[in-house]
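K.L.:
Provided herewith is a single structure, encoded as C-alpha cells, for subsequent inquiry.
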Amino acid sequence: MGSRPLLIPSPRTPNSIQELPTIPVFSEQQKSKSTSSEQASNAVINKSNSSSIRSGSSGRSGGGSVKEVSFSNSSSKPVRYGSSKRGGGGESEGFSMSQKELRDEDARIVYINNPEKTNEILQFAGNSIRTAKYSILTFIPRNLFEQFHRVAYIYFLIIAILNQLPQLAVFGRGVSILPLAFVLLVTAVKDAFEDWRRHRSDKVENNRLASVLINGSFVEKPWKDITVGEIVKIAANETIPCDIVLLSTADPTGVAYVQTINLDGESNLKTRYAKQETQSKQRFDFGGIIKCEKPNRNIYGFQANMEVDGKKLSLASSNIVLRGCELKNTSWALGVAVYCGSETKAMLNSSGAPSKRSRLETRMNSEIIMLSCFLVALCTVTSVCAAVWLKRHKDELDLMPYYRKLSFSSGKPKKYKYYGWFWEIIFTFLMSVIVFQVMIPISLYISMELVRVGQAYFMIRDDRMYDRATKSRFQCRALNINEDLGQIKYVFSDKTGTLTENKMEFQCASIWGVDYSSTKSGLEIQPGEYFTQVDGKVLRPKMNVKVNPELLALSRSGIEHKEGKRIYDFFLALASCNTIVPIIVDTPDHDVKLIDYQGESPDEQALAYAAAAYGFMLIERTSGHIVIDIQGERHRFNVLGMHEFDSDRKRMSVLLGSPDNSVKIFVKGADTSMLNVIDKSSNMDIIRATEAHLHSYSSMGLRTLVIGMRDLNASEFEQWHTAFEAASTSLFGRAAMLRKVAVNVERNLCILGASAIEDKLQQGVPESIESLRTAGIKVWVLTGDKQETAISIGYSSKLLTNRMTQIIINSKNRESCRKSLQDAIVSNKIEGGFDAMTSQIALIIDGTSLVYVLDCELEEQLFKLASRCSVVLCCRVAPLQKAGIVALVKKRTAEMTLAIGDGANDVSMIQMADVGVGISGQEGRQAVMASDFAMGQFRFIVPLLLIHGHWNYQRLGYMILYNFYRNAVLVLVLFWYVLYTAFTLTTAINEWSTTLYSIIYSSLPTIIVGILDKDLGKRTLLKYPQLYGAGQRDEAYNKKLFILTMLDTLWQSMVIFWAPLFAYWSTDVDVGSIGDLWTLAVVILVNLHLAMDVFRWNWLTHFSIWGSIVATFISVMVIDAIPTFPGYWDFFNVASTGLFWLLLLGIIITALLPRFLVKFICQYYFPSDIQISKEAEKINGNQIQRENFERGQIEMLPISDVPPR
C-alpha cells in the first residue's frame, strides 16, 4: 500500500513549514497501516466541546530558536479526539445505532456529485424550508381547529349552535355568536400576523444564494434549489445551507472551524474535518457513495460510511456540518448535501421547550367543573319547575299567549308553538343553558393571556434583573406560568456557573508532594513582565495569573535538576493536555500581540494561562502538532493521539513525542478517577502528600485536578496505535471501543501533582440564599464537584451555617446506603415528628449513593429525610441524576419546584421542574434555550420570586375569583327573573347588554388591575421575605375563598333583583325599564367591588373602572334609543324618576355592606402578614424607599434561626 497522506504541514504538502521538519514515527512499522490510519483521520473528534481555533500565527518565527521535538522513528500523526461519551467519534449512544451495523433499509444512499442518481429511486426533500404554519387556503380551518382544542370554546360553540334553532332562540342569532367570534377573531389576527412574519422570513431564507458544483464549475443558485447529492462550496463567514459532509477545505489538513450559535446557542467554535481521501482530490473530481443514517434530531451524532476509490471510510459527527452553522477562520470548504430542507437536523429540532401549565390554571379547572355542575343544577331546577307548571296549567294552555296550543288563524284550529310536555322540558333545559351560559367565563381565558403578557413586559423591563456585564435583560420564554413564580417551595440549583462565576483563576499547585500556593505570597505578573518574540512581534498572554515566586524561579531553573524536571513535566502537561488553541489578538500597539486561549471549558483556559505565566506558553496548534514556547525557546511537539474527557473516565489524555526521544502520555482528571490509575508501587509518600493537598484545596472551595504521566516504549505505543486505529475505523461500536483503548493506555501513571482553581461566587449569592431560606424556600444544590469543594462553597454562600447539623451519606453499596438513611432518620427523631430544630439540618449526599437511592425503594426514605432538611447538597451527581432528584420531589409532594442552571448538563433538570430558569453563563446557551425564564445572574432570582412572583400570583388568583363572581352575579339575576316568568326563559336584560357585559362593561378593569396592582411595595417584599409564604399557602386562591366569594355573589344578586322588583311591583314600569336598572346595578356593583380591593391607584386604574361604568350608561342609552330594538326609550322613561337613582344607590350600599364589614373585621382583628405590612408601609411612607432605590440599595433580611412563619 502507498504511504498515507500527512495531516500536518510538511515538506511533502503545500504550504509546508520548512523550518520545522517532521520526523516519521515507526516509519517501517506504519507502512502497512497507512490506509487504516487515514480512515481514522480525525473521524473521532469530540462533538461540541472541540472549540479549537487555529492560531493566527504560523510556525515561522523571526525571533527565537525552534527545537523539533519528536520520537526518533515517528511520522507526524494527526491529533485524535476519541473516547468521549458525548462525542465518541461523533456517535451519541443514546441516539445512534453505534452497536449495530448500518443496514441498507436503515440507511440513505447518497451519490457524491450525482444528484440525479441520488434522487432517482427516492425523491429526497428539497432544501426549501417552511416554518410558517398556515397557507391562504388552510389558515381558517387549521386555526379554528387549533383554537377549539380549548374545551371551553367547544362549549360556547355548542351554545351558539343551540341558539340558532327556532325552538331554542332565546337571544338573537347574531348576538349569540358575538362573544365567541370576538375571542376567535382576536386570536386569529394574532396568529395571522405571526405567521405572516414567518412567511416573510422563509422567503428570505429560501432565496439566499449558494455556490453549487454544476458541470465542473461553481454556479450560484438559491438555497431552495439545492438537492441531496450536490456539492456546495462555502466561503468564510457564510452560513451552511444544508447538512453537508465535508469533502475538502482550504486547510491542507482538512480542518474547518464552524460556529453553531444558531443551532445550539454556543458561540465557541467547533472543529470539523474532511477525509484525506477527498481532501487530496484535484480539480474537484469528486465521486463515491455515502451510506448514512436516516434523518433524525440528534445534532451531536452522525453515523455513516463513505466509499471513495474502492476504500470504505467511517464518518462521524466531526465530518458533518449542519445547516445554520457559520464557517469561521477557514477560507472555503466543500461538502456534499446529505440532508436538505425539512430533513436537516436544525429543522427537525425546531421545536421549543416542553409546554407547561400553571398550577393556578390547573386548580381553576376544578372550580370551573363546580360552576358547570351549578349551571346544570340551575338548568335542571328551571326545567323541572317548568314541567310542574305545565302540568298544573295544562287546561289553560290553549288560551295563554305563550303556550297557545291552538291556532285559529287559518280557520281550522291547529297546534301552535307547543311541542308536548316532554319536549318542552328538554327545550327548557337547553334554553336555560343558553341563557345562563356566562356562568362559565369565556373572557377569563383571553384576559389571563393579556395579563400574563403585561406581567412579562414589566418583568423584562425591571432594571433589578438587568445584567450590565453581558448587557442582557431578563427573558420570559413561557408566558403561561408567570404565577407559578409566587408558589415555589423547592429551588434546585447547579453550582458551577450558577452560584459561581465560572471564570476560573489558577490558585495553587502541588508538584511531587510540595505545595506551591499563590496565596502564600501572591505576586501578580504585570502585562510587560512575561513575553516572547514571534515574527518580530511581542506576544503576551491575554490574562494575568497570580504566581508563586518560589515556583516561578524553579520553573526557570531548567531540567538539569530533578526538581526542575518534575516542574517541567507538570507545566508541559498543563500546556499540552487540552483542546485549547490560541488566537492572536491585535492591540493598539502594533508591535504587541495578545494570545487568547479558546477552549471547551474555563478550567482548561485557566490551566493554559497558568502554564503560560510560568513560562510554558502554547502559541500554536494544528490538527497534528502543537508549538509551546518554553522559557523563550520554541518547541514543536507532534500530537500522536488524544483521548478527550468523558463522564465515564472523568479524565483526558494526550500522547506526545518527548525531548528524550520517547513517547509520553500526559493525563489529567478528577481525583477519584486519577488516583485509581496511579502506580502505587512507589512514591506513596508523594501520593499521600498530594491527597492531603487535594483535601486542603477542596476545603478552601477550589476545583482540583490530578496530573499524571508515563513513558510508552515502542512496543506499548505500537499496541496502542493498532488498537486505536482499529477502534477509530470501526463502522459500529466505535465509542465503546475507543473508551476501552483509552482505559488500557491510561494506567500505571506516575503522579506529577495536582492543580487548584478558584471559581468565585457570583455577586449577591449569599444574600440571595439567605432571602430564599427566610422566605420558606428550600434550596438544594446539585453539583458534579467533589464533596469538600461543595461544602466549602456551601459555607461561603451561606447555604450552610455552623449551627446546622450535617448528615453526610457516602455509601458504596445499596445496603450501606439503606443503613445510612435509617440511622439518619432515627438519630434525628424524624420518624416521630419534627420540631423547630429540624429546620437546621443539612443533608449532604454523593452521586454514588444516589445511584442506589434512585434505583430502588430507598427513594421514599431519602425523601422522608430530605424533605425535613432546610438544605440538601448533592455532590458528584450526573445530569440525569439531577433530573431524578427533581422528579423524586415532584412525585411525592404537591409543592412547586424550580430548577436553575447554566449548562447543557442542567437541561434535563430544568425541563423536569415546574419552573425552569436558565443562566446566560460561560457554558453556552443550552440551558437558556430549554428554560421557561432566563437571566444573567443567580441573585436575580430574589426579585423574580419575592417581587414579581408574589405580585403575579396575588393578581392572577384574585382575577380568577373576581371573574367567577362577576359572571355568576349576572347569571343569578337572570335565574331569579325566570322564577317570575313561568320558567319561560325570557329575560328582562337586553340581549345586547348580556353580550357586551363580558366584553365592554366589565372586562378592561380586571385586566388593568391584573397587570398593575401591587399589594405591597418592592422594598417591603425584599425586606420581609416571609411575605412570600402567602403564595406557598395558597392564600390568594383556594376552595374556602371560592365558596365565600360565591356566597357573597348570592347575596349581591338577591339584592340587585328583589329591590327593584318590590319597588316597582305595583307600578306601570315595564320589564325593559327594570332590566336597564338591573344591568346598571350589576355593572356598577362589580366595578365598585373591584375598586374596594385595589391596593394602588393610578390613572389607568381610574380610567378603566370609572370609564367602564360610564361606557355602560352610554351603551344602555344608545341601545334604548334605537327604535328597532326592544325596549325603545325605556331607560329614559325610568331614569327620569328619583326612585330609579335612589334604588341604584340603595342596591350598591346594601349589596356591598356585608363584604365591607367582613373585610373590616378580618383586617382589624385578624390581620394577615400582608395586611400588617401594608399598614406599615402607609405609616412609614415612601420617602425612604424612593431614596434607597435611587441609590440602588437592596435590603435583605438576615437569616433567622426560627423557621419562617
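Placed from the backbone N, Cα and C atoms, the Cβ positions cover glycine too.
According to TrEMBL, the feature region 'Disordered' maps to 1-101. Annotation comment: TrEMBL describes 27-58, 66-77 as compositional bias 'Low complexity'. According to TrEMBL, the feature domain 'P-type ATPase N-terminal' maps to 110-176. For 209-272, the entry in TrEMBL reads domain 'P-type ATPase A'. Sequence annotations record features per position, and here TrEMBL assigns transmembrane segment to 368-390, 421-446, 964-983, 995-1012, 1041-1065, 1071-1092, 1099-1119, 1139-1158. Residues or ranges marked as Mg(2+) binding site in TrEMBL: Asp494, Thr496, Asp902, Asp906. According to TrEMBL, the ATP binding site annotation covers Asp494, Lys495, Thr496, Glu604, Phe645, Lys668, Arg703, Thr783, Gly784, Asp785, Arg876, Lys882, Asn905, Asp906. According to TrEMBL, the domain 'P-type ATPase C-terminal' annotation covers 928-1168.
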K.L.:
C-alpha of Asp494 (Mg(2+) binding site) to C-alpha of Phe645 (ATP binding site): distance in Å?
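P.N.:
Roughly 21 Å, rounded to the nearest whole number.
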K.L.:
Give me the count of other Cβ atoms within 10 A of the Cβ belonging to Asp902 (Mg(2+) binding site).
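P.N.:
Neighbour count, Cβ to Cβ under the 10 Å cut-off: 32.
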K.L.:
Between the Cα atoms of Asp902 (Mg(2+) binding site) and Gly784 (ATP binding site), what distance do you get, rounded to the nearest Å?
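P.N.:
That separation, Cα to Cα, works out to 13 Å.
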K.L.:
Taking 1071-1092, 1099-1119, 1139-1158 as candidates, which has the most Cβ pairs under 8 Å with the transmembrane segment (964-983)?
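P.N.:
The listed stretch sharing the most Cβ pairs with the transmembrane segment (964-983) is 1071-1092.
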K.L.:
Please report the number of other Cβ atoms within 10 Å of the Cβ of Asp906 (Mg(2+) binding site).
P.N.:
32
K.L.:
At a 10 Å cut-off from the C-beta of Gly784 (ATP binding site), count the other C-beta atoms across all protein chains.
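P.N.:
Here the count is 23.
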K.L.:
At a 10 Å cut-off from the C-beta of Phe645 (ATP binding site), count the other C-beta atoms across all protein chains.
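P.N.:
I get 27 for this one.
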K.L.:
Among the binding-site residues Thr496, Asn905, point out the residue whose Cβ has the most other Cβ atoms within 10 Å, with all shown protein chains included in the count.
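P.N.:
Buried the deepest by this measure is Thr496.
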K.L.:
Give me the CA-CA distance between Arg703 (ATP binding site) and Thr496 (Mg(2+) binding site), in Å, as a whole number.
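P.N.:
Each residue's Cα considered, Arg703 (ATP binding site) and Thr496 (Mg(2+) binding site) end up 10 Å apart.
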K.L.:
Any residues 6+ beyond the ends of the transmembrane segment (1041-1065) with a Cβ under 8 Å from its own?
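P.N.:
Answer is 367, 370, 961, 964-965, 968-969, 972-973, 976-977, 980, 1073-1074, 1077-1078, 1081-1082, 1085, 1089, 1139, 1143, 1146-1147, 1150-1152, 1154-1155.
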K.L.:
With DSSP, how much of the domain 'P-type ATPase N-terminal' (110-176) is helix, how much strand and how much coil, in residues?
P.N.:
34 helix, 2 strand, 31 coil
K.L.:
Record lists Asp494, Lys495, Thr496, Glu604, Phe645, Lys668, Arg703, Thr783, Gly784, Asp785, Arg876, Lys882, Asn905, Asp906 as binding ATP; longest Cα-Cα distance in Å?
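P.N.:
Those residues reach a largest Cα separation of 25 Å.
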K.L.:
Round to a whole number and give the Cα-to-Cα distance in Å for the pair Asn905 (ATP binding site) and Thr496 (Mg(2+) binding site).
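P.N.:
Their Cα atoms are separated by 11 Å.
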K.L.:
What is the total of other Cβ atoms whose distance to the Cβ of Arg876 (ATP binding site) is within 10 Å?
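P.N.:
Its Cβ has 21 other Cβ atoms within 10 Å.
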K.L.:
DSSP helix, strand and coil counts for the domain 'P-type ATPase A' (209-272)?
P.N.:
7 helix, 34 strand, 23 coil
K.L.:
Inside 10 Å of the Cβ of Asp494 (Mg(2+) binding site), count up the other Cβ atoms and send me the figure.
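P.N.:
Step by step: centre on the Cβ of Asp494 (Mg(2+) binding site), count other Cβ atoms within 10 Å, giving 30.
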K.L.:
Which ones are near Thr496 (Mg(2+) binding site): of the binding-site residues Phe645, Gly784, Arg876, which have a Cα within 10 Å?
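P.N.:
Those close enough are Gly784.
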K.L.:
What's the CA to CA span in angstrom from Asp906 (Mg(2+) binding site) over to Arg876 (ATP binding site)?
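P.N.:
Each residue's Cα considered, Asp906 (Mg(2+) binding site) and Arg876 (ATP binding site) end up 14 Å apart.
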K.L.:
Would you report the average pLDDT that the model assigns to the domain 'P-type ATPase C-terminal' (928-1168)?
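P.N.:
In the predicted model, the domain 'P-type ATPase C-terminal' (928-1168) has a mean pLDDT of 91.
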